[in-house]
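Lifted from Swiss-Prot, the feature list:
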- 1-30: topological domain 'Cytoplasmic' (TOPO_DOM)
- 52-86: topological domain 'Extracellular' (TOPO_DOM)
- 108-113: topological domain 'Cytoplasmic' (TOPO_DOM)
- 135-162: topological domain 'Extracellular' (TOPO_DOM)
- 184-193: topological domain 'Cytoplasmic' (TOPO_DOM)
- 31-51: transmembrane segment (TRANSMEM)
- 87-107: transmembrane segment (TRANSMEM)
- 114-134: transmembrane segment (TRANSMEM)
- 163-183: transmembrane segment (TRANSMEM)
Amino acid sequence: MESQNKASLPVMDGLERRVVASQSEGASTCDLLLRVLALVLTLAAAIVLGVDKQTKVVPIKIVDTLPAINLPVSAKWHYLSAFTYSVASNAIACSYAALSLVLAVSGKKGIMSIVIVLDLLMVAMLFSSNGAALAIGLMGYQGNSHVRWTKVCHVFGRFCNQVAVSISLSLLGSILFLLLVGITSLRLHKKSK
């Protein structure tokens with residue numbers, strides 16, 4: 001009876017190794033897919049906001065007794081530092097996603113702890129830039145009567161819509177980086193057991 005149990009152990013051990021190997025390959029495929037999606041989303045967010053500009057002819061009244069003068073006014077992404085920060089942080093996150101994708105494909109074992117820290121830095125950077133861009137976007141959409149900032153999105157509708165799309169894409173990209181942090185942390189935790 002004991003000889004039968006000992007004989008079946010190597011077979012079970014080999015089967016368990018194959019199951020564990022296939023689970024780690026699945027996690028690796030998931031990791032690669034999330035990195036590719038994060039790369040695409042942050043690249044799209046940087047491009048959508050980076051090409052965002054709109055010019056409108058706006059009537060400007062200088063003196064109440066004179067008629068308004070129609071002047072062309074432009075809204076461009078680089079006029080506001082929050083949007084510049086958003087484009088730069090999405091470009092950095094996109095570049096990092098490409099680099100981490102290459103590192104993940106290469107299969108180096110000792111870099112997982114570095115990758116998780118860098119993923120977490122990307123999450124923090126993207127969330128901070130999204131918050132800054134969203135705050136300025138809301139100022140453009142709603143204005144602020146306390147400091148006499150008027151809303152501008154009723155004039156520059158396409159510009160504001162592109163800002164909203166860029167922020168949404170960037171938020172999705174940052175959520176993917178957050179998922180990568182969680183998945184990598186769980187994988188490292190399982191390996192340490």
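FYI, residue positions are counted from 1 along the chain as it appears here.
Quick reminder: no glycine exception, Cβ is built from N, Cα and C everywhere.
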For the topological domain 'Extracellular' (135-162), residues assigned helix / strand / coil by DSSP: 14 helix, 2 strand, 12 coil
Spatial neighbours of the topological domain 'Extracellular' (135-162) far in sequence, C-beta under 8 Å, 6+ residues away: 48-49, 51-54, 56, 58, 73, 75, 80, 82-83
Confidence summary (mean pLDDT) of the topological domain 'Extracellular' (135-162): 91
Intrachain residues whose Cβ lies under 8 Å of the topological domain 'Extracellular' (52-86), provided they are six or more past its termini: 45, 129-130, 132-133, 135-136, 152, 155-156, 158-159, 162-163, 166-167, 170
Beyond the flanks of the topological domain 'Cytoplasmic' (108-113) by at least 6 residues, Cβ under 8 Å: 184, 187-188
